[in-house]
Every structure is written in structure tokens, then in C-alpha cells.
Amino acid sequence: ERLSKRVRLSKKYSIKGKIKEHQRKEKRQNKKNPQPQRKSKKDPGIPNNWPFKEELLNEVEKQRLEAEEEKKRKRAASRKKKAAKKATNENTKEQQVEEEEEAEEEHSEEE
């Protein structure tokens, strides 16, 4: 069993060549037998002769606005949370600095 990961250069290049040849074969095969690409189906929308089209459109618009408002609320909440976290971190840093200063003062007073 080999401990190092060294490989003879001849082996390395032969592997690279095999990889390249395999990829060429794959490309050639795909050109000869192309796979049909699947297109996502579009939403057909609401037909004009739908009995309650306006109501349905209004409802969809209302849902879209509600989703947008919810997104804004979540974003604001996360911003508040971040700001609070940042403030507490700054407060703890200030407290640490004050404690260190007090400790230095006490130490200098003892001497």
C-alpha cells in the first residue's frame, strides 16, 4: 500500500488522455442522438370568458401583496434582531474594556 499520492507522469497523462477521449465520445454520441429538452409549461392564465375573472384577478393580486408585506415584515424583524445582537455585542465589549481599566487601576493602586 502506497502512503504518498505521487503518480508516475506517464500514468497521469494516460489517465488524462482517457478522460478526454471519453468526454469526446460522449459529446459525439449526444450530437448523433440528441435528447429532447423539456420545456416548463407556462401558466395559461385566466380565460376571458371565465365568469368571475375580475374577482379571481383581484384575489390573486391581494395574495401577492400580502406575501410581499409578509416578506417586508420578516426582513424588518431580522434587521431588528441583528441590530439588537450587534448592540449587545458592543455593550459587552465596552463592559470588558471598563473592567480591564478598573482592574488596571486597582493593580496600580496596590503598588
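Quick reminder: no glycine exception, Cβ is built from N, Cα and C everywhere.
Per TrEMBL, the feature compositional bias 'Basic residues' maps to 1-17 (among others).
Among the features that TrEMBL reports, compositional bias 'Basic and acidic residues' is placed at 52-71 (among others).
Under the heading compositional bias 'Basic residues', TrEMBL lists 72-85 (among others).
Mapped onto DSSP helix, strand and coil, the compositional bias 'Basic and acidic residues' (87-96) counts 10 helix, 0 strand, 0 coil. The compositional bias 'Basic and acidic residues' feature in TrEMBL is assigned to 87-96 (among others).
Annotation comment: TrEMBL describes 97-111 as compositional bias 'Acidic residues'. Remote same-chain residues near the compositional bias 'Acidic residues' (97-111) are listed as none (criterion: CB distance under 8 Å, separation of at least six residues from the stretch ends).
Shown for the domain 'Guanine nucleotide-binding protein-like 3 N-terminal' (10-84): DSSP residue counts in helix, strand and coil, namely 55 helix, 0 strand, 20 coil. Taken from TrEMBL, the feature domain 'Guanine nucleotide-binding protein-like 3 N-terminal' applies to 10-84.
According to TrEMBL, the feature region 'Disordered' maps to 1-111.
Confidence across the domain 'Guanine nucleotide-binding protein-like 3 N-terminal' (10-84), taken as the mean pLDDT and rounded to a whole number, stands at 92. Counting residue by residue with DSSP, the compositional bias 'Acidic residues' (97-111) contains 14 helix, 0 strand, 1 coil.
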